[in-house]
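Database features (TrEMBL):
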TRANSMEM  A:6-28  transmembrane segment
TRANSMEM  A:35-56  transmembrane segment
TRANSMEM  A:62-84  transmembrane segment
TRANSMEM  A:91-108  transmembrane segment
TRANSMEM  A:143-160  transmembrane segment
TRANSMEM  A:187-209  transmembrane segment
TRANSMEM  A:215-234  transmembrane segment
TRANSMEM  A:241-258  transmembrane segment
TRANSMEM  A:270-287  transmembrane segment
Amino acid sequence: MDPNLITAILFATVVAGTPLIIVALGLLVNERAGVLNLGSEGMMAMGAVFAFAITHHTGNPWIGALAGIAAGMAISLVFGFLTLTLQANQVATGLALAIFGVGLSAFIGKPYEAVALQAVPPVRIPFIADIPVIGEALYNQQLMVYISWALFWAVLWFLYRSRAGLVLRAVGESPASAHAIGHPVILIRYLAVLFGGAMAGLGGAFLSVFYTPMWVEGMVAGRGWIALALVVFATWRPFRVLVGAYLFGGVMITQLFIQGSGLQIDFPSQFLSSLPYWATIIVLVLISRNPTLIRLNSPASLGKPYRPDA
Amino acid sequence: MREFPLRLEPRPEPSRAMRYLSPLLAVVLMLLAGLVIFSALGKDPIQGFRLFFFNPVRNLYGVSELLLKAAPLMLCAVGLAIGFRANVWNIGAEGQFIFGAIGASGVALYFKGSGGPLLLPAMLCAGALAGAAWAAIPALLRTRFNANEILVTLMLVYVAQLYVSWLVFGPWRDPMGFGFPQTEMFGRDARLPNILAGTRLNAGIFIALGVLVAGYLFMQFSYTGYKMRVAGEAAGAARYAGFSASKTVWIGLLCGGGAAGIAGMTEVAGPMGQLTDRVSLGYGFAAIIVAFVGRLNPIGIALASLLMALLFLGGEQVQQHMNLPSSISMVFQGMLLFFLLGADVFINYRLRFGRMAR
């Protein structure tokens, strides 16, 4: 195989996996605190449209990215208020958030559909970008790609090396015990939900500002849901999120390369486009068929409301 | 927080009245939020309000359009409610709707010109079967491999959208259609009969009401329906009584898929008259809200589907007259569900003024 093609596919895979990493890391922290937020698709859409609009008006993609984070956090706060303060069902509220976020983003984004943004140039890391084949693919990337790696290390350190992470995991495993030894369960869950919202907003911002610098209704295209599946696939562990995200990125990109290669294959493009969704289903099946594995790894209080008796 | 003069106090037992009042409260809150939104957009709130909520139904034609849009919502929602009651979270009615439309269209195109009076019933069956078949995938994966049905049903929505697009761009494209992604128009015998001259209202509304009643009888009076309600309300008790959990999942998903498939059939055999890649306007997702707002109860679902249909029509109105994107409908629909979930807190809690008694 042509090494340039390998570099190109690898490069595109890393880019395609990046939003999934960012969003799935946020959801992972969310779920490790025991809160299941199914609204990631809506939070991503909100992040994407706000980041796009602000970037368009300020000309600065980084201010745009911050706006995306803020939008994701703002809408996740609605979810937090309903599920944590008012004890609403997390599944139903998450679905509402997904529907609402996608709808509101379409509404807000209408005037921006014909607008294009300037592409953000990649940042080349000296020396290591010169490594043959993988250098160009991994180290001549968008700054956001490096940020996603930093976020990965940060989440890893936070969950397993910091005291706060330990408390967060305790809240997810047994909120009653955490409460009994004096940890503010609801506050910690709020913070986890906000972090999930921030990451989903940033992931959305990556899509609309850095990946394909444009806004189209429905451009998140199920990535929020794929990220949710990814967390299950990763059995709630950060490293596996990283691996899984690039696997999915690979599936997305490979089908695009086949479509774009002009290979005369007798296979409709729509069938190729459906592959990432089938891959998500297959991966879910493979990991879920072992119920013990899921039970041992999923946070024990996931999705269950907790109300400290005053 | 405890010193705050307003607080939530657990009720001794859940309030029955609030169970039915909270959807109304949610509607009122949504209407108020509508006023705020129109003002925030710099539009006259009263005019926006009138355009959105009253203009669509100001005459008979408007009411017929309302019923036309409510029928598929009602169908999808009643199927979903059967699953939701048993805690089977099918959120892919949109994809099952599309497959129902594909199945019915396949029959209509295959028997073109030789259908006769049996064609519509055949299309109905094909739609129901195709929708149920698409829902059988998550049912199988859930019961055999424990795969989460929320994510699987949702992924299959995207797949269904791609497949219908393949059909209407590829093998089923109307050769005389100037390259538009659509099949040829169905013949007369493949169209649901019109029931009100001068409008688009067709017999699909009767199908929807029939399925609604059937769903009600099934849930309230059949033994299987009873077992499913127990599974939803007390999974432990259902297991102890020996009710099959996988049967619950299968029935929940097949009912949801079948009903959504019928909705897809009524859409292609009704107002559309052909299959296109935009066969669903998001009915499958909106039906989730209908099911919740309707309290998973047939009468509630009938009312909620009228309300949601109004929100779709209102969006079209403000798009025409106020130059706002029609996606404002989805904003209102999402808000309605948020308000409902928030208002539901008063089923189990009540608001108290003053400090907590010590």
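Placement of Cβ uses the backbone N, Cα and C atoms for every residue, glycine included.
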Contact set, same chain, for the transmembrane segment (A:270-287): CB under 8 Å, 6 or more residues outside the stretch: 222, 225-226, 229, 232-233, 235, 244, 247-248, 251-252, 255, 258-259, 293-294
Whether the transmembrane segment (A:143-160) meets the transmembrane segment (A:35-56): three or more C-beta pairs under 8 angstroms: no
The transmembrane segment (A:35-56) versus listed stretches A:6-28, A:91-108, A:215-234, A:241-258: most Cβ pairs under 8 Å: A:91-108
In contact by Cβ distance (the transmembrane segment (A:62-84), the transmembrane segment (A:215-234); 3 or more pairs under 8 Å): no
Stretch of maximal Cβ-Cβ contact with the transmembrane segment (A:62-84) [cut-off: under 8 Å; candidates A:6-28, A:91-108, A:187-209]: A:187-209
Sequence-remote partners of the transmembrane segment (A:187-209) [C-beta within less than 8 Å, at least six residues beyond its ends]: 18-20, 22-23, 25-27, 29-30, 32-35, 37, 40, 43-52, 55, 61, 64-65, 67-77, 79-80, 83-84, 117, 120, 144, 151, 167-168, 171, 178, 215, 219-220, 223-224, 227, 306
